[in-house]
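The structure appears right after this line, and notes come after that.
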Amino acid sequence: MKRILSILLVSLLIIGGLVGCSNNKAQSDTGKRIILATTTSTRDSGLLDYILPNFEEETGIKVDVIAVGTGKALEMGRKGEADALLVHAKPSEEEFVKEGHGLYRKDVMYNDFVLVGPKEDKGNLKEKSPRDIVKGLRLIAEGNYKFVSRGDDSGTHKKEKALWEEAKVKPEGEWYLSSGSGMAQTLKIASEKQAYTITDRATYLNLKDKLDLEIIIEKDDRLFNQYGVIPVNPDKNENINNKGAEKFIEWLLSEETQKQIGEYGKDKFGMPLFVPNAK
Amino acid sequence: MDYIINGIIEALKLLVSFNRELYEIIFLSVFVSSTATLISSIIFIPLGLYLGIKNFKGKKLFSRLLYTLMSIPSVVVGLLVAILLSRRGPLGFLELLYTPTAMIIAQSLLVTPLSLGLSYNLSKNRGKKIERVGITLGARGVKIIFLLIRELKIDLFINLVTVFSRAISEVGAVMIVGGNIKNRTRVITTSIAMFNSMGNYSTAIALGLVLLAISFIINSLIYSYHQEDY
């Protein structure tokens, strides 16, 4: 009995060793997987689930998606914990590349933000300011209507803060709720509290059926949301899979994938959730 | 590596400078969890003691069910309370979801099986003897329960503390029903999860240290009572 056991153990070790070696070999090429740090909106909108299987099939590289706020995604890049970033806060992204954390930054696609709120629209914003987000925010603050903020340093939160600044309002007080959560959770809180919030259109449309919220303000130029992709600087540590990341970016910006991005959501919502604009 | 050390230093700075936001979070944590502990204990410790000494049909099955519920996952309780309190749910008219009250409700439900189970088990093992003495001395009904509480007070206190530490260390239920809203429903555990996701390690570490300190104090209390006991 003992002998059989020891033979089994030895053979397990040998097999394990062989598998380990072959894995190493593959990794030295383009690697078997890359880590993509991205925003919750690309995941919550369902876009990545829609396009990524193609990439994995074409190249055999698995993409591990870590969906966090843009702030955390950039932080992960800075520490070399991710291979590529897909985020939406252009000024922060450019700074990230300038500081040498990323190799370059390229436009991928855009979508837009909308202000959503309760159907009864307590502040009557829909009539007073259907196309002017800054005026809308000012009305919310003046009327002390409840507003839920992401409050998590994400791209959406950064956008919201910039808009409050433009409205010259310091969002503080009983009416201003900071959720510190992702977009889906924040929308849920807004729906429960019958409050206003700023969301990307994609996530809102995807969750619309489960929410008691509707679009109040949209199509303001200031609500434009550009996504960029960045390969993390491979000098950070030797675990960074730069080849895989480059391959991913090349695929993401390719004509075929861009076309696919432009089609996502059309059948369900009657309009694309993201507009591709890679150059 | 730097950012870990920096995080710890920053964390200590935040703690000694009495950062207001940080202490509000700590206060709410302690408030919600101790209220939940009290609510469940006041009702369920006497009930547990009573059921422990009482013989009834299906006691074995009852024990097994109770012990299973003692380890109920907090997210399951959170989910249940969220479904009930949601605007579209049966208790939606109360508008309680994402309020501290909802958090207290969820945590009370979460620790109730523990409260009941621990006192039930205690009186099942040691209550019979005390009951017999009580009856000999002429005590009946409610008086027996009071006698049990008095005789077992040290063990009950340890149970109480165990229940509290289960409440204060859980994250699943308060996250779901509280929503982690700043200055309103943000507690230690939900903040740690959030600050980590924002890459803000120092505040997360500071709160982690506080949570550890609370556990330490609680354990010291238990330990000192144990010493008195034996």
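Every residue, even glycine, has its Cβ placed from backbone N, Cα and C.
Given the ranges B:1-24, B:97-120, the record in TrEMBL names B:97-120 as transmembrane segment. Cβ atoms under 8 Å from those of the transmembrane segment (B:201-225) belong to residues 3-4, 6-12, 14-15, 22, 25-26, 30, 154, 157-158, 161, 164-165, 168-169, 188-189, 191-192, 195 of the same chain, restricted to positions at least 6 beyond its ends.
Within its own chain, the transmembrane segment (B:97-120) is flanked in space by residues 28, 31-33, 35-37, 39-41, 44-49, 51-52, 63, 66-67, 69-70, 72, 74, 77-78, 80-82, 85-87, 156, 159, 162-163, 166-167, 170, 173-174, 176-179, 181, 184-185, 187, which lie at least six positions past its ends and keep a Cβ under 8 Å from the stretch.
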